């Protein structure tokens, strides 16, 4: 692993935040959202601000831009210095002039950050309209130039496209073009690659680095991903609950973290080293899928669209007590496979055998007795429990459907809660009284209550912070040991797959491109796409948990 | 795109068919003898007979329907039971005052309501917002004829700015038309403005919370540009929708307002027809206004493609 | 993740995940509205006991009198006591308002649930609802009353029918968005039957929006009753309603505006209060409603 090691001691500083305090508007007694945050960025430097959700990293960036939500948050102390001026003291007009000219920002969601009803060329051009007076022709030339600089293909066509006609990566390039067209001294990037696939992420990170080099821009990069930090940072600031707990040059921080919180954060990063092989399982498969296919949009009188094959000839089987991972980027068809297996959507072709019964073509009604054998945990912990129901009611819904006695089911529900590490009195509480990780535990308990043979985890830990993610992964592993359950683990994250899977299926564009043991897939990938995925994984040569280079690599 | 337009136009057919069936059955399925209902309690057998033949009520239901639809497709709405003139001719004579007032009202309402709603959303939770909301709740709550009489009392009787009642066509001089049309238009506009301002505000509030608004601000764009170029166009679809569905309210308002201000339009025609139980005229008015409503909403639906490039179905 | 402010747990079945906006407080407006409404409802309910005169009793000698000790609000063209008539008139208006709200919400809920969950039925139901929406409600109501006679029940029916499509659309849109929720899919995976999912998981999502919609329908029904009476297509003129009193006052408007003013004021106050409470309920129950209402 090569870290950036350039020293910035000599470089002039661009942004100096001193003791910045942000509080809830009109509520000075509540704990501050930002508590005396200090931070310095020098010319050409990349400063990473890393922390879990709620740590205040986004609030810090919005404060610099002067974009704190009005009436909700306000900066109550400290100073944000840029070119010797305190941004906190600027009036709205002066602050507007700083934006795009001196400081720019790109956001996490390229899907929603662009105006859907304006052509992207005009959106970039608007920056010039706002801050410069250029003749139309020169303006257009500059817009096309910056679009070329961010390596967009066919810039003439994209110039007149609307955001929805572009891919996520292209939209983020547009955002970057918009941010850098006036060559600001500081670029703030707030999780700019979090919503993107790893391969796209790699390109965007490369692009930011390239333009930074070219224009000498300072970058404040906000992320929760230690892998990204290892790849791009010069200096790292770790945030927790509105404070900066530690800051150091990147290599120092990763090799010799001082604070416990930093250590804990690093130790939660799942390793890309696959789990040790487990003894071969006894007995046959509890779930086997063969020739599964799902085709969309072939019917309809007026629909002249090509039928899209979301999943094509997918086959695999899972024995009792084992975990099989399906890994792929968005659009690979991995979730389609999961939803077909759950019969939430109907497969177009192929067999699904659960409990020695073919279920792919059963009617909804005939299917119901077989539902208990296979259960699912969804990605979003905030939407997967009925907010109007107590935890207990959610937990006994399934058992009641298969004829359990209510009293016995409630007793069992309390036991299940203990099993997943929650207090048993949680049965009488409502989902909103729990954190995301706790809700995910409840969702797992609800699935386990049916005593299924197979548990499908559809991106079940993707919405969680790394430390919570590690705990939920441990829980799944423990449940598997206790109950001998088979797990089908759908994920986009190779690190997570490496941690938990015995076997890995890699999917791309609806096809299975590789299927082997986790050790083989990660150490000795056969397919070019698998290799690309592994190479794109940020920080892949670093063993975060042990603060050192990865041994096997 | 063209496919979408064609499909949208074709979708009008089942809706209008069901409206026609509904209007047809309305009279025929009413318990009791429809002729007796229309003629009232004092009718003579001869009168009853005349109504029956006039509406073709003695034929079997399906025959009646075929005959009725056949006439309808030729653009005939039947003959008035009172004046014996064709309904289409009666509507044709009375439609212009209503049309002029309705168009003026819609233009006036949109010009007043949209800026009101934008302002309220921009100054959310300030007195401007509260004032706009208070106005809009008031607009919903006062019957349109009460507003009409209040306006007459204040502006025509007390202040003597405008004539009390009556109507003049724009061809008689635009000033004269405006002097008589302004109070009815303001009366009609009250509820429409309330409706549109409310929806504009709600829709703008929603849009102003979107990420791309933050992006625009991060570019250093001025607030007015953020509001009108970025936000309003994104908020336009629900606003257009409410303008379309609000048209039904406008029709109801027209009927009342024309009575209050003594304007010889199709609203008055309807009221007179109700009082005289002139069923063919009522029926014709329902068909006409439903057709207009469907047409206006079709145009508005098609206009979405202009506001939002994503709508291509 | 900032902890969201939490509603009282016992109201969870209604609120769902939605909690009060930060710092939300019941302002003076809704409190006054509630008080006004309570007074109006109580007065009209107790009307036979508290009114000074028989609201129907005519007196040829007391026509169009101004306010006096005997007739606090004066008399109408037949010498009937305005105060007694205005107070009594609220009975029918409120009955029609509440009746229309309850009936249209109940019927609309049933149709909307079916429409939201069964694709085949949906196509047909929505065409019929689109057609009903296309007919301006006042005209439809007029035609229905003209044909069915001026009884209270026929007016209530005439006002209720045009409201049903709006309720159906609301319920359907709530069901359509709620059925995409993972917790509904989880219920499916747990082997819950369709009717059970429809009733236990989806229906409760519609309650909050329906309460809000119901208040608006109630207000609009009272308004429509007045307009129907004004146009001569309302409840029989023998029964005093706010609409009827104003309709009779029209002729003498320039002579004595108070004939329209008093019932108009009562009516407007009543509707205003109901609408304000509806808005409050909306802010309280579901901030996302604002979008759906269109």
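The backbone N, Cα and C atoms fix where each Cβ goes, glycine too.
Remember, TrEMBL labels are computer predictions, not curated facts.
Taken from TrEMBL, the feature domain 'ABC transmembrane type-1' covers B:95-304.
Packing against the transmembrane segment (B:9-27) from elsewhere in the chain are residues 34, 55, 64-65, 68-69, 72, 279, 283, 286-287, 290-291, 294-295, 298: each is 6 or more residues past its ends and has a CB under 8 Å from a CB in it. Sequence annotations record features per position, and here TrEMBL assigns transmembrane segment to B:9-27 (among others).
Annotation comment: TrEMBL describes B:99-122 (among others) as transmembrane segment. Proximity of distant same-chain residues to the transmembrane segment (B:99-122), defined by a Cβ-Cβ separation under 8 Å and at least 6 residues beyond the stretch ends, is recorded for 128-129, 132-133, 135, 169-170, 177, 181, 184-186, 188-189, 192-205, 208, 223, 227-228, 231-232, 239, 243, 250, 254, 257, 263, 265.
If you look up TrEMBL, you'll see B:134-157 (among others) marked as transmembrane segment. Proximity of distant same-chain residues to the transmembrane segment (B:134-157), defined by a Cβ-Cβ separation under 8 Å and at least 6 residues beyond the stretch ends, is recorded for 116, 163-165, 183-184, 186-188, 190-191, 193-195, 197-198, 252-253, 256-257, 259-261.
Same-chain residues lying 6+ beyond the ends of the transmembrane segment (B:177-197) with a Cβ under 8 Å from its Cβ atoms: 100-102, 104-106, 108-110, 112-114, 116-117, 120, 132, 135-140, 142, 144, 147-148, 151-152, 155-156, 162-163, 166-170, 239, 242-243, 246, 249-250, 253-254, 257-258, 260-261, 263. What TrEMBL records for B:177-197 (among others) is transmembrane segment.
TrEMBL lists B:237-261 (among others) with the feature transmembrane segment.
Annotation source TrEMBL lists transmembrane segment at B:281-307 (among others).
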